[in-house]
């Protein structure tokens, strides 16, 4: 099928039933084309409550459903992930870190394939630590890079290291940047995103339970990251980009920065400020969806 999801796994064709265990869904118990066949946009983020809030927000923006409507969690049979749907938009939580989002993506990609979806755009919306940016800035990822600033994702498969590309859709990034200019409410940049395996030592923080380097070494590392094009740090973008590439999904990462890591390690902004910051990627992606659907 043109512009459809493709699976890099010939074994799936031999299975009578595919159980998406961590979603509590299965092809033998659910009609995937009927439930999800109209999906054109998938938005994923770490927090289940944030993805539910995004569903309510985008429903109101698109005039779908009634105000105050409570959207049911499609994955209510499990506590691993949460999934919500309104119109052609699927909103899914992925937890924290590469292992958690990887598991979710395996099952999400299969879900879209079994539902016979096509022309799907998938966007990760989240939070991050900024480098050289004022808190509240939004970063649209050009490339996801590892902790050595290389645009690659490495995974050990059957004892051998497999390296995969982490490029994201350049045209989609430009379209999102144009949307931010039209909104005109917050600073937005396109830059590289460093994806780490850890929140503390892996990101050069000085405030973890273990830290065997000094502040000068930390700042030197972060400045090297900045000079290489990195503008923010999080823990999911590399595997997200790699898996979307292999599956033919047009993908983007849009994250707000909660602090400037060149000025500190701890997130100390007041709660209400952080809540407003976290809404910025939702506003940008919501506007993009509205514009794509011709509702702006």
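The first residue you see is number 1, and the count goes up from there.
Glycine is no exception: its Cβ is also placed from the backbone N, Cα and C atoms.
Those TrEMBL annotations? Automatic predictions, nothing curated.
What TrEMBL records for this protein:
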type	residues	note
DOMAIN	40-289	domain 'Nucleoside phosphorylase'
BINDING	80, 124, 125, 126, 127	phosphate binding site
BINDING	203, 205	substrate binding site
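Sequence-distant neighbours of residue 126 (phosphate binding site) (same chain, 6+ residues apart, CB-CB distance under 8 A): 45, 46, 234, 236, 253, 254, 255, 256, 281. If you compare every pair of Cα atoms in 80, 124, 125, 126, 127, the residues listed for phosphate, the longest distance is 20 angstrom. For residue 125 (phosphate binding site), the same-chain residues that are 6 or more apart in sequence and have a Cβ closer than 8 Å to its Cβ are 43, 44, 45, 54, 254, 255, 281, 282, 285. Cα of residue 124 (phosphate binding site) to Cα of residue 203 (substrate binding site): a distance of 20 Å.
Taking CA atoms as the reference points, residue 127 (phosphate binding site) and residue 203 (substrate binding site) are 14 Å apart.
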